[in-house]
Amino acid sequence: MAFWSSTSVFTSKVPRKILFMFTLSLSVTYLFYSLMSCYNSLQFPLQENYGYPGRLVTDETTFVTLREKLYSTSFQGHTAEEGLADEGRLAPGKTTTIPDPEDVETEQRTEEWIRTDLSSSPTRSSAFADRTGAAEKEHQDFSPTDSDLRVNCTTSDYGEKKLPQAIIIGVKKGGTRALLEALRVHPDVRAVGNEPHFFDRNYEKGLDWYRDLMPSTLEGQITMEKTPSYFVTNHAPKRIHTMARDIKLIIVVRNPVTRAISDYTQTLSKKPEIPTFEVLAFKNRTLGLIDASWSALRIGIYALHLESWMQYFPLSQMHFVSGERLIVDPAGEMAKVQDFLGLKRIVTDKHFYFNKTKGFPCLKKPEDSSTPRCLGKSKGRTHPRIDPDVIRRLHKFFKPFNMMFYQMSGQNFEWELGEAAAAAAPRSSQD
């Protein structure tokens, strides 16, 4: 009874309007804090989810792992005895892994770009991580031995791995390495450094394996590779035609006698115990019977091998580079190659200088390098002295095949004019 009486006294003394406003303000305050508490509890997990991918990219350890996945295909080694032998770093029967110098340079520039770009934009960092994760998820069809090492980079930042649109298919010791290095100066050309040997040695591994070896390209860039042994591999034309009927083929040819001596010189540098060039070149020197089954000579029968390619590809898809002119006029030969590939003539005479020690042109130093780019120590070997009578007989042997090759290719390489010079003095080669 006392309670009700005190309450009635209180309410009578305090205006009802003030009491209503006080109660309302308490209710609104309580509701506001309740909503804020609920908002924070819901927001915290979302912040964790969006922040986590950003840390995946910016964290030092994980960043290196991502970078290695993105560029691991640039450092794949291959059992390419012929190609690695050119560099003088592989003994017969052994394999090694050789990093591609250009890809190392690209990797360093890309790493610096990623660090700068991500540090300046957390939002872009998260988006980059999301796109990278999607790219990893898309590519699941690698061979079992390579699946843990490679990722198909399909983001807009890095381009896309594609099958080659052009291949340097030959010939061995003709100048293919020099041509490839000159082409790689062009910003619209991306090429594999090592020889993949896909169409002659690794075909069973499949096109996905082959594509994964290629560097990533952006729109407008050409993917290329070079494996000189394709030209003399019987099943290579059909296999390449099956992959891409409109592919462009580049063949670097050279006087077959000089090419054979260069081939022999390379083998001799690794196997000093082999017989002399004269012994290997003849079945019976007394009777003058040439041993055309010896690979060093058989490769030089260009008409024989070209016939196999012409069964699948028209001449309009082939371009023949003179190994001799590539030495005396590299810019002129490069102009023709760039025209054939549909590229702007960017690689010109300003990119070359003649190295008197090696006896062939080298690339002038790029803007981001302190030294000129010249072919390795295995290039430019001095040829052994060969009996002039042997050279004369070999020129006579190759002459009808050369005439046939001139007719088939539509070009006269005039190798007969250099017979006297070829027999006169030791020569050196850039391939």
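Each Cβ is built from the backbone N, Cα and C atoms, and glycine gets one as well.
Per TrEMBL, these features apply:
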type: ACT_SITE; residues: K173; note: active site, for sulfotransferase activity
type: BINDING; residues: K173, G174, G175, T176, R177, R254, S262, K379, G380, R381, T382, H383; note: 3'-phosphoadenylyl sulfate binding site
type: COMPBIAS; residues: 106-115; note: compositional bias 'Basic and acidic residues'
type: COMPBIAS; residues: 117-126; note: compositional bias 'Polar residues'
type: DISULFID; residues: C362-C374; note: disulfide bond
type: DOMAIN; residues: 164-399; note: domain 'Sulfotransferase'
type: REGION; residues: 80-149; note: region 'Disordered'
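In this structure the alpha carbons, written CA, of C362 (disulfide bond) and R177 (3'-phosphoadenylyl sulfate binding site) are 12 Å apart. Between the recorded positions G175, C362, G175 has the most other Cβ atoms inside 10 Å of its own Cβ, all protein chains included. Across the structure, S262 (3'-phosphoadenylyl sulfate binding site) and the residue listed as 'active site, for sulfotransferase activity' place their CA atoms 6 angstrom apart. By neighbour count, meaning other C-beta atoms within 10 Å, the densest spot among the recorded positions K173, R177 is K173. Each of the binding-site residues S262, T382 was scored by the other Cβ atoms within 10 Å of its Cβ; the lowest score goes to T382. T382 (3'-phosphoadenylyl sulfate binding site) is 14 Å away from K173 (active site, for sulfotransferase activity) when you measure Cα to Cα.
Here the domain 'Sulfotransferase' (164-399) has a mean pLDDT of 92 out of 100.
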